[in-house]
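What follows is a single structure, written as structure tokens, with notes after it.
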Amino acid sequence: MVVINKQLMVSGILPAWLKNEYDLEDKIISTVGAGRIGYRVLERLVAFNPKKLLYYDYQELPAEAINRLNEASKLFNGRGDIVQRVEKLEDMVAQSDVVTINCPLHKDSRGLFNKKLISHMKDGAYLVNTARGAICVAEDVAEAVKSGKLAGYGGDVWDKQPAPKDHPWRTMDNKDHVGNAMTVHISGTSLHAQKRYAQGVKNILNSYFSKKFDYRPQDIIVQNGSYATRAYGQKK
């Protein structure tokens, strides 16, 4: 919006597509994946007074986590019980105004959002992918934006990085010449983010070379030849 506002200030012309601008208030918003990142997305969405917050995950959120979201919504928005788990992905996207992707990339999620799954989404819904680009089929997303099936697609991740010049996500748009909110994977370039990365690497190296091996659980991905976390596709 900062870029758009600057363009408006220079041109003085109000673009026609602004007539299709909506708030998140009273909308049904969902997340694919409700782990550490997905849950934080839900926390932030409460402030926009959504009608429902849906999530799709192989396991339920702890009751305490759900209660925290519902209580915040009731306190600030006057309505509780907005959080709901949906067991079938097709059912969730069919009722969502906005779908956000917050799950890891693994064999079961690669190409998950293809033409078939997108066909189950509401006409004019928005799809936001800040997880991994390859979770979506690039050509299918571009076609959905062009046809108007999706009102828009946004993300900071690409299925190929750096994206080739002819990548469909570079130029896709709809009849109003909008619907494309792609950025070039720069969400982690803030000074604060870089400091966190550096500190995390330092902690891991110090733990290893001191032979303490007291790693934080979230820093361990593989242990004893298998995944140490259930975030990469394994359900047991």
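The backbone N, Cα and C atoms fix where each Cβ goes, glycine too.
As recorded in Swiss-Prot, the features of this protein are as follows:
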type    : residues                                                                                                    : note
BINDING : ARG36, ILE37, ASP57, PRO104, LEU105, HIS106, LYS107, ASP108, THR130, ASP156, HIS185, ILE186, SER187, GLY188 : NAD(+) binding site
SITE    : ARG132                                                                                                      : site 'Important for catalytic activity'
SITE    : HIS185                                                                                                      : site 'Important for catalytic activity'
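Each residue contributes its Cα atom, and for LEU105 (NAD(+) binding site) and ARG132 (site 'Important for catalytic activity') these two points are 6 Å apart.
All protein chains shown were included, and the count of other CB atoms within 10 Å of the CB of ASP57 (NAD(+) binding site) stands at 18. Counting only same-chain residues six or more apart in sequence, the Cβ atoms lying under 8 angstroms from the Cβ of HIS185 (NAD(+) binding site) belong to ASP156, VAL157, TRP158, GLN161. Cα of SER187 (NAD(+) binding site) to Cα of ARG132 (site 'Important for catalytic activity'): a span of 13 Å. Comparing local CB density within 10 A for the binding-site residues THR130, SER187, the maximum falls on THR130.
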